[in-house]
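In TrEMBL this protein carries:
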type	residues	note
BINDING	12, 13, 14, 15, 16, 17, 117, 152	ATP binding site
BINDING	16	Mg(2+) binding site
BINDING	34, 58, 80, 135	substrate binding site
Ligand SMILES: Nc1ncnc2c1ncn2[C@@H]1O[C@H](COP(=O)(O)OP(=O)(O)O)[C@@H](O)[C@H]1O
Ligand SMILES: O=C(O)C1=C[C@@H](OP(=O)(O)O)[C@@H](O)[C@H](O)C1
Ligand SMILES: [Mg+2]
């Protein structure tokens, strides 16, 4: 069993929003690893970062991604930093992976002051700029498809992603 598609990209790319819409269009389930992590931890992501630390979040994330990649058959959205882990990147090989790309201006507009995203809690613009530069090669490495989202409405992006999945 494997997800119909795995969505990756930086915070604000629209992985959660587009993933839900694509799953709806395909008539399949939708899962977001961040939601599963919150359920497992019994608390929201910012609380995990504050109380347990980022390494604890990343360990939980690695386990949840590995599990869902082998057992989930709907559309799966990952958290933006999941691809930082080398073992996760290896596990993505052979999957249909859609990189939703977004540049700094739109990413910042979409995440605002970073509420709910602990990495962006301080200096959201500078942090986002750094994350985009650091991670772009990794998103590209794991992607089988890339969809540009800047200046586009979610509905239009979802139609493009659904079409490239052959549906
Ligand atoms: N193409 C888009 N245009 C404008 N706003 C968007 C777009 N995609 C997502 N958003 C908005 O940006 C915010 C972040 O989207 P989300 O799906 O949570 O992104 P991600 O899961 O990649 O971090 C949400 O408020 C969402 O409604
Ligand atoms: O970029 C990151 O490292 C993170 C992105 C978040 O998910 P989104 O990309 O859905 O915002 C969430 O997993 C966590 O706050 C860490
Ligand atoms: Mg998300």
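Residue numbering: from 1, along the chain as shown.
Positions of Cβ are set from backbone N, Cα and C atoms, glycine also.
Sequence features, as recorded in TrEMBL, placed on the structure.
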residue	record	DSSP class
12	ATP binding site	coil
17	ATP binding site	helix
34	substrate binding site	helix
80	substrate binding site	coil
117	ATP binding site	coil
135	substrate binding site	helix
152	ATP binding site	coil
Of 14, 80, 117, binding-site residues neighbouring ligand 2, Cβ under 6 A: 80, 117
For residue 14 (ATP binding site): intrachain residues, at least 6 apart, with Cβ closer than 8 Å: 100, 102, 110, 149, 154, 157
Residue among the binding-site residues 34, 58, 80, 117, 152 whose Cβ has the most other Cβ atoms within 10 Å: 80
Where the C-beta lies under 6 angstroms from ligand 1, the matching binding-site residues among 34, 58, 117, 135: none
Filtered binding-site residues, from 12, 14, 16, 17, 117, 152, whose Cβ is under 6 Å from an atom of ligand 3: 16
Least buried by Cβ count (within 10 Å) of the binding-site residues 15, 135: 135
Listed binding-site residues among 58, 80, 135 whose Cα sits within 10 Å of residue 15 (ATP binding site): 80
10 Å Cα neighbourhood of residue 12 (ATP binding site): matching binding-site residues from 34, 58, 80, 135: 80
Other CB atoms within 10 A, centred on residue 16 (ATP binding site): 17
Cα-Cα distance linking residue 117 (ATP binding site) and residue 34 (substrate binding site), given in Å to the nearest integer: 11
